[in-house]
Structure formats: structure tokens, C-alpha cells
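What follows is a single structure, and I will ask about it in a moment.
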Amino acid sequence: MAEAIEKVADKVADLVVDDKPAAVPESTSDHEDGDDNDDAVNEGEAVDGEKKKKKKKNKKKKKKGPAVQTEPPTVPIDRFFTSGIFPEGEICEHPHKTFKPKGTAVDPFADSEDEREAAEERAKDDAKHGSDDPLDFNRLRTTNEEKRYLDREQAAVHNEWRKGAEIHRVVRKYARDNIKAGMTMTSIAEMIEDSVRALSNEEDSLKGGQGFPTGVSLNHCAAHYTPNAGDKIVLKEDDVLKVDFGVHVNGKIIDSAFTHVQNDKWQGLLDAVKAATETGIREAGIDVRLGDIGEAIQETMESHEVEVDGKVYQVKSIRNLNGHNIAPYEIHGGKSVPIVKSADMTKMEEGETFAIETFGSTGRGYVVTDGECSHYAKNVGVGHVPLRVNKAKQLLATIDKNFGTLPFCRRYLDRLGEEKYLLALKNLVQSGVVQDYPPLVDQKGCQTAQYEHTIYLRPTCKEILSRGDDY
């Protein structure tokens with residue numbers, strides 16, 4: 001009974017507690033005088049302040065629209081690719097190399113002893129690696145997982161090439177649309193170079209910018225002409241202008257060129273050279289011999305004739321000009337791609353980058369140096385050379401800081417504030433530290449044209465980095 005009574009008493013006590021009014025929570029104010037009005041006012045102000053702050057935060061910021069390029073191009077290319085990923089060039093398969101069966105006969109109709117010897121070596125090499133069943137080795141590159149892995153490992157390198165190529169496409173589109181008769185060579189070159197610098201947006205010229213001086217070679221001058229200070233040459237209506245400029249990103253140089261005409265007078269020459277360049281690109285690939293590419297280029301080039309003012313001209317490959325491989329900070333990496341038939345059995349290799357360029361001429365098809373020099377480059381691998389002329393030492397320091405082994409021209413030195421440097425520059429050339437590259441010309445009165453693309457031999461494919469909608 002006692003336990004039952006205690007339970008009833010506990011329930012009654014609980015009911016009494018529940019009937020009491022709810023306790024007022026203690027003030028959290030710092031005031032100890034119990035001034036509730038002040039607290040209410042302060043709380044009201046705080047609430048109002050919070051509302052105001054919330055209103056400010058809730059204001060929607062205007063979304064920035066997509067970046068728009070200016071004319072001339074001045075907006076850095078990175079603003080158009082905020083992910084940092086740049087578009088691929090044109091992707092092609094490597095040429096399908098089918099080895100000859102063992103015992104393949106040597107061509108008995110080779111034109112010279114050198115060519116016969118080269119053919120014999122080629123036959124021996126093919127016989128060594130060949131089999132009774134033709135096998136397309138390069139086709140396997142696109143399905144070999146190891147090659148795909150190697151390709152992915154180089155993604156960052158590919159992206160730097162592609163950034164330079166994108167800058168090149170934007171700048172050359174503007175140049176092609178705006179080069180007009182009456183412009184000076186200086187204004188054309190600077191229009192291109194200013195845009196390259198703006199789109200690269202690099203304070204350090206060794207991290208990105210101009211890959212080499214802009215070539216603006218006219219008519220019978222095929223290459224290596226850019227204006228020096230005071231140049232007054234003006235583009236005329238019937239001129240044939242070769243525009244050759246480069247863009248580099250961390251030493252990876254995109255080298256691409258086109259030929260500009262104001263009318264159709266020499267269009268047949270341009271068509272021949274463009275077709276020859278496309279042949280070179282098509283034939284290029286891993287394990288392809290450079291001499292074979294040259295032979296194919298020459299065959300395409302010299303299948304064309306041009307009729308101008310009632311006279312027919314045979315288009316010729318300029319036999320002492322070549323394409324070349326490109327190494328980091330080195331426009332000519334050591335391998336040459338001939339544009340005529342050659343006994344050169346050197347092969348293209350995986351991972352190499354090449355500038356496939358062809359030059360056609362209505363003249364001799366052979367160039368010599370002539371005229372005032374403007375192009376220079378520090379020789380690769382040159383060691384310490386004792387220089388006695390202080391000005392030469394100072395000039396070399398400027399070259400090292402701003403160009404390294406990238407080509408430069410006298411206008412670039414002028415732009416850096418160098419003065420009275422010609423004797424010092426001559427001293428560097430004579431000392432073997434710097435190489436000069438004078439203009440290259442065919443016979444006067446003829447016309448020359450050029451087209452060029454940069455290609456990269458990836459493990460799985462061939463990428464035409466500089467390909468665009470224009471060429």
C-alpha cells in the first residue's frame with residue numbers, strides 16, 4: 001500500500017508542475033540594470049542591420065558575357081579558354097607504312113649513284129624488318145594501349161603547342177583581312193607582332209610571345225626579310241608577299257606562313273605551293289624518310305604551270321630551302337625536310353615537331369643571300385666566348401635575357417632601348433656567338449610563294465597544330 005500511495009503522490013506533483021506558467025528566459029543582455037527598453041531598441045537595430053546586410057548580399061551581380069576579341073586583336077587568349085584547355089589541331093593518321101616482302105629488288109632506274117646506293121640501303125632495311133605478309137605498323141598505333149598512355153602523359157605539352165597555335169590563327173586572320181596595298185612593311189610586321197604580344201600577355205618574353213621576327217618577303221625575295229628601322233618599302237597592287245611569323249609558349253614554337261596577293265594574277269603560283277605543302281603534310285609521319293617526303297613535294301609542285309600576261313612559267317621547288325624540325329627554343333632543330341628529291345634516309349621520329357614548308361618559284365628555283373641583314377639568333381650550345389668589346393658583352397646579356405636562342409631582329413633591339421649596337425652585334429657574329437640570317441632571294445623579276453604548317457608526331461596520330469579555316 002505504501003508504494004502505491006507514493007506513486008500517486010508523484011503523479012500529482014507532476015501535474016502541479018505542468019500547470020505553472022512557463023519561466024521567462026533570463027536576459028542575455030550585458031546590462032545588469034534590467035533596462036528592457038534599451039535591449040529591445042538594440043535588438044531592433046541589430047535586426048534592421050541584418051536585414052540591410054542581407055539585402056545587399058542578395059543583390060545579383062551582373063553576369064559577364066563571353067569575351068569578345070577586338071580589332072586589332074588585343075584581348076589575351078586565356079580569357080576565351082577559362083578552363084586552360086585549348087583546341088586540338090587537325091588529327092590525321094600516320095602514313096600506313098607497308099613493308100616490302102623480303103628480297104625486294106632495287107630500283108634499276110635510279111637517277112644517280114647516290115640514289116642507287118640510297119635505294120639499296122632502303123631495300124636492305126625493309127628486308128631486315130619485313131615479312132612475307134605486308135603489315136601496316138602505323139595503323140596499330142591508334143589501337144596500342146601503351147601508345148595511348150604515352151599520348152595522355154604528354155597532355156600538358158600538347159596544350160602549350162595548341163595555345164600558340166590558337167594565337168597564331170587569331171592574329172593571322174586579322175592580318176589576312178587587313179593587309180592592303182599602300183601599307184609599309186614595317187606597319188604590317190608591327191601589326192602582327194603587337195597582336196601576338198597582346199594575346200600572349202606575358203611580361204617575360206621567354207615564357208611566351210613572338211617565336212621569331214615576322215617575315216614579310218616580297219616577290220623574288222623568298223625568306224628572311226623583315227624591315228629594319230627606317231624601312232620605306234610599300235606593298236604594291238601586284239606584289240606577292242610571304243608572311244611568315246611564329247608564336248611560342250615556353251619555347252614551343254608554332255611556325256606557320258601564308259602568301260598574300262591583292263589580285264588573282266599570281267594565284268596559280270599560290271595554288272601550286274599550297275598543294276605541295278599539303279602533300280608534304282600528308283606524307284609526313286613516324287618512320288617516314290625525309291628524302292621520300294621531298295620527292296613527293298617536288299612532284300606535286302612541278303606538276304603546275306602558271307600563265308601570266310600570255311607567258312607560261314614552270315613552277316619550281318626552291319631546292320636549297322627546306323622544312324625543319326623544331327626543338328625547345330630552337331626554330332631549326334637539326335633535321336631538314338627537303339622539298340626536292342633527295343637521298344636523305346633520315347627518318348621522322350615519334351614525339352618530334354616539324355615545320356612543313358614549301359617554296360615555289362617562277363625563276364631558277366635557287367636562292368642566294370642578298371641585302372641588309374635583319375634576322376639573328378644566338379647559336380645553340382655555344383660555350384663561354386671571351387669578348388673584348390664591353391658593348392658586345394652588354395648586348396649579349398640583353399639577348400640572353402630577352403631571347404635566349406630564339407631568333408630576333410634589329411627592331412626588337414630598338415624596342416628594348418638598345419642604341420648604337422651594330423658594331424657590337426657584328427662582333428658577336430664574328431665571334432660565333434650569334435648567327436646572322438640575311439634575306440634569301442631568287443633572280444630578280446621572278447615570283448616566289450610559301451605555305452607552311454607545324455605538325456606534331458604524337459604516338460597515336462599526327463596533329464596539324466596550326467591548321468585553320470583559312471589554310
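Backbone N, Cα and C atoms are what each Cβ position is placed from, and that goes for glycine too.
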Hey, Swiss-Prot has divalent metal cation 1 bound by D255, E452. Any idea which of D244, D264, D442 it lists too?
D244
Since Swiss-Prot lists D255, E357, E452 for divalent metal cation 2, which candidate among H220, H224, H304, H324 does it give for that site as well?
H324
Reported as an integer number of Å, what is the Cα distance between H324 (divalent metal cation 2 binding site) and D244 (divalent metal cation 1 binding site)?
14
Write out the long-range same-chain contacts of D244 (divalent metal cation 1 binding site), meaning residues 6 or more apart in sequence whose Cβ is under 8 Å from its Cβ.
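Counting only residues 6 or more apart in sequence, the Cβ neighbours of D244 (divalent metal cation 1 binding site) under 8 Å are T214, G215, S217, A223, D255, S256, A257, Q450, E452.
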Where H332 (substrate binding site) and E357 (divalent metal cation 2 binding site) are concerned, what is their Cα separation in Å, rounded?
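Here the two Cα atoms lie 12 Å apart.
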What's the number of neighbouring CB atoms sitting within 10 A of the CB on E357 (divalent metal cation 2 binding site)?
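I count 26 other Cβ atoms within 10 Å of it.
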For H224 (substrate binding site) and E357 (divalent metal cation 2 binding site), what Cα-Cα distance in Å is obtained after rounding to a whole number?
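One finds 14 Å between the Cα atoms of these residues.
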Look at each of the binding-site residues, H224, H332, and point out the one with the fewest other Cβ atoms around it within 10 Å.
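Lowest Cβ count within 10 Å among the binding-site residues (H224, H332) is H332.
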